[in-house]
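Asker: For reference, TrEMBL lists these features for the protein:
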type     : residues  : note
TRANSMEM : B:21-43   : transmembrane segment
TRANSMEM : B:55-74   : transmembrane segment
DOMAIN   : B:64-228  : domain 'ABC-2 type transporter transmembrane'
TRANSMEM : B:95-119  : transmembrane segment
TRANSMEM : B:131-151 : transmembrane segment
TRANSMEM : B:158-176 : transmembrane segment
TRANSMEM : B:209-228 : transmembrane segment
TRANSMEM : B:260-285 : transmembrane segment
TRANSMEM : B:305-328 : transmembrane segment
TRANSMEM : B:348-373 : transmembrane segment
TRANSMEM : B:379-396 : transmembrane segment
TRANSMEM : B:403-424 : transmembrane segment
TRANSMEM : B:461-482 : transmembrane segment
Amino acid sequence: MATVVTAVESVLEARGIEKSYRRGVWPVARRQDVLRGVDLALRPGEVVGLVGENGSGKSTLMKILVGALRPDAGTVAVSGRLGYCPQEPVFYERLTCDEHFELFGRAYKMSAEDERRSRRNLYAALGFERYAGTRADQLSGGTLAKLNLGLALLGDPEVLLLDEPYAGFDWDTYLKFWDLVAGRRQAGRSVLIISHFVTDEGRFDRIVQLRDGRAGPR
Amino acid sequence: MTSALFVRRFLADYARNPVNPLVLVLVPVVFVVVAAGSMADAARLLGGTGPSVETAAAGWAAGFLSAIAMYFQLRGSREADRRLVLAGLPAGRLVVARMVTGLVLVALASAAALTALALRTGIDDPWRVGAGTIMFAVVYLAIGALTGVLVRNAVNGTVLILFIWILDVFFGPALGSPDRLSTRWFPTHFTTLWMVDLPSRHGGRLGDLGWALAWTLGALVLAGLVVTGTTRVVRGRRGHGGPFRTALRMGLRDYRRNPVLWALLIGVPVVFIWLSKVITAPGTMTLSLVDHGRAMDFTFWLPDMHAGTMTPIAIAALAALAGLFVVLDARAGDGRLILAGFGVRALLAARLGVVAAAALLVTAASLAVTAMVFDARQWVVYAAGNLLLALTYGLLGVCLGPIFGRVSGVLIAFLVPFLDLGIAQSPMLRAEPPAWARLLPGYGADRVLLDGGLTATFDQWGPLLLALGWLVALGLIGARLFRTSP
């Protein structure tokens, strides 16, 4: 069972999350339980890893936490803004990096100045300012991943949920990513990261493992 | 008066550019005095009338002079004009000064051209020829202004103006046949015909003079907008604009960067509309229509009307595809934007705004091709009916996308307009649509546009209401699907 803290202390708290999918078509349809009552809480300044086997429900849980998917049962409470970086980069193909940041700046209700400042910092931190005017459909996989992550970080959210964010990063960018995460921890921001890398273990404050549809400490 | 001072300075700038005094003398002498006679001979061979060429040459000369003068006025002035505004000059005064300068240049160019004409042949109808020459100059003033802000290089700008002018003059109605439909969208088509007193017979209710004045007024407005645009400066810190405006701006940008859009926009109208004119066999057909409140059978010469009935099929297919792809291309990104906090209503309104812009674009492109091969009895009603159809099918595409996805959606987006407008509503298959065809989305708008295209008065209020009902219903369904689709 994951550590459950009180709502006052946690910035994100999920209780009793259940989700099942229907497989096949009638009359041979059957339900497959993916999540069977997941409890999870994130405290301010905490960097938590979410691990589990393929198909264990990590991405499903994350989609429920951000509100992209409705759970069959359970509740999610978030205090503050929430940033989300999906596993598959999601973009408007023919818009440039700058144009994506402008759109998401509106979504986060940032002022024009704040959005531009944050955008500049992210370009510098992840090293892709030279692609500012390049369309998304002309970016390499690694730069797309940087834009994907940058859009989640733009609004400086209190809670950041990242679904395998560094696939496609080179070593240098990978290290820059962890510098960013460390900076967020210091600023009291919380980060939940789905990860497969054993080498990342030491970088997390704690690791939550999904097994048999439930969350527990690793 | 600050504006008067600026007008004087701008005119001094005009006079000090050696190109301007040179062309002010050279162009009227070459076109009106020297070449007009030979061009009149050439026109007779091409099916035109000789004397009309000699008169129209004054308009051509004035137009060219005016365009070149305005081009050099605006070509390099943008930064200087903005600096003036930043220094404290009210932008309105600068716009007024530029526009007054432009009108003085119009007067100068017209006077030079008319003087040359008076010296060569005399002017039989001074008021008509004088007014026509000024209208030429105003239309080309806008062309010069627009070129001035788009093309900085003087050689390229001059060549572009020359190219437009050559197309307009040598393929226009004075050198060719006055009743040719294909050149009706040339900037001075109607001005030329009115100026030389040759009725086009395709001016509709507005008439040749009405169209000429519409072009002139439109050109003045365009020139004003262009000049205003060159003086625009950013005061203080510029914000994003609202979420709707940002999403609409980005949506339009994303849409216009799609190369398939431009290929379809040219290809579909040409294939559906222009080719239908080319391949239609001679013959007559009868349609049941309502005119002056009375239902009656009308018999039409098929080659004259077939293209006009193909236009709605082209428009519906293009609009349905536009609606489909606007929503599908943006769906994943929109989902993420909404999760990030973007308002669903603002985003939905922006997507529908892009679809509406696309409907307007496909209607304009298709009508431009249609105007070359079909003459509607009531152009405004015909165009409005087609736009209504485009909006209806654009929204249908919005609904088809989330239900059928990309591949199936494309097939259905082509199939439904074909079945609805090409089969069920088709005037080629029966005198009026069968009862079941009234249930289809294209019925109302198609009756409206046929009424506009083929009869003298508008009588289709019932079908118009039905079409508007479809618009509302499809809008509501589209909005529902937008909110609920993953």
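Placed from the backbone N, Cα and C atoms, the Cβ positions cover glycine too.
From a predicted model like this one, the values you see are computed outputs, not experimental measurements.
For each listed feature, how buried is it and what is near it?
Answerer: When Cβ-Cβ distances below 8 Å are used as the criterion, the transmembrane segment (B:55-74) is approached by residues 10, 13-14, 17, 19-20, 23-24, 27-28, 31-32, 35-36, 39, 98, 101-102, 105-106, 108-110, 112-114, 116-117, 121, 123, 129, 132-145, 147-149, 154, 157-158, 161-162, 164-165, 168-169, 172, 174, 188, 191-192, 195-196, 223, 226-227, 230 of the same chain, each at least six residues removed from its ends.
Away from its own ends, the transmembrane segment (B:131-151) comes close to residues 58-60, 62-75, 77-78, 102, 105-107, 109-110, 113-114, 157, 160-161, 164-165, 187-188, 191-192, 194-196, 212-213, 215-216, 218-220, 222-223, 226-227, 229-230 of its chain (Cβ-Cβ under 8 Å, at least six residues beyond either end).
For the transmembrane segment (B:209-228), the list of distant contacts is 70, 74, 91, 95, 98-99, 102, 132, 135, 138-143, 145-146, 148-149, 187-191, 194-195, 203: same-chain residues at least six beyond its ends, Cβ to Cβ under 8 Å.
Listed by sequence, the residues of this chain that lie at least six past the ends of the transmembrane segment (B:348-373) yet keep a Cβ under 8 A from its Cβ atoms are 181-182, 184-185, 244, 247-248, 250-252, 255, 261, 265-266, 268-270, 272-274, 277, 307-308, 311, 314-315, 318-319, 322-323, 326-327, 330, 334, 383, 386-387, 390-391, 393-395, 397-398, 475, 478-479, 482-483.
Long-range contacts of the transmembrane segment (B:379-396) within the same chain, counting only residues at least 6 positions beyond its ends with a Cβ under 8 Å from a Cβ of the stretch, are 204-206, 308, 311-312, 315-320, 322-323, 352, 355-356, 358-360, 362-363, 366-367, 413, 416-417, 421, 441-442, 444-453, 458, 464, 467-468, 470-471, 474-475, 478.
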Asker: Is it the case that the transmembrane segment (B:158-176) and the transmembrane segment (B:21-43) have 3 or more CB pairs under 8 Å, with pairs at least 6 apart in sequence?
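Answerer: Yes; at least 3 Cβ pairs under 8 Å.
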Asker: Cβ under 8 Å, sequence separation of at least 6 from the ends of the transmembrane segment (B:403-424): give me the contacting residues as numbers and ranges.
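Answerer: Tertiary neighbours of the transmembrane segment (B:403-424) are 312-313, 316-317, 320-321, 323-324, 328, 389, 393, 396-397, 433-434, 436-437, 440-443, 446, 481.
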Asker: Please indicate, using numbers and ranges, the residues of the same chain that are 6 or more beyond the transmembrane segment (B:260-285) and have a C-beta under 8 Å from a C-beta there.
Answerer: 299-303, 305-307, 310-311, 313-314, 317-318, 321-322, 358, 361-362, 365-366, 368-370, 372-374, 427-428
Asker: Checking distant contacts: for the transmembrane segment (B:305-328), what same-chain residues at least six beyond its ends satisfy Cβ-Cβ under 8 A?
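Answerer: For the transmembrane segment (B:305-328), the list is 251, 255, 258, 261, 264-265, 268-269, 271-274, 276-277, 280, 285, 351, 354-355, 358-359, 362-363, 366-367, 370, 373-374, 376, 382, 385-386, 389-402, 405-406, 409-410, 413-414, 416-418, 420-422, 426-428, 442, 445-446, 449-450, 453-454, 478, 482.
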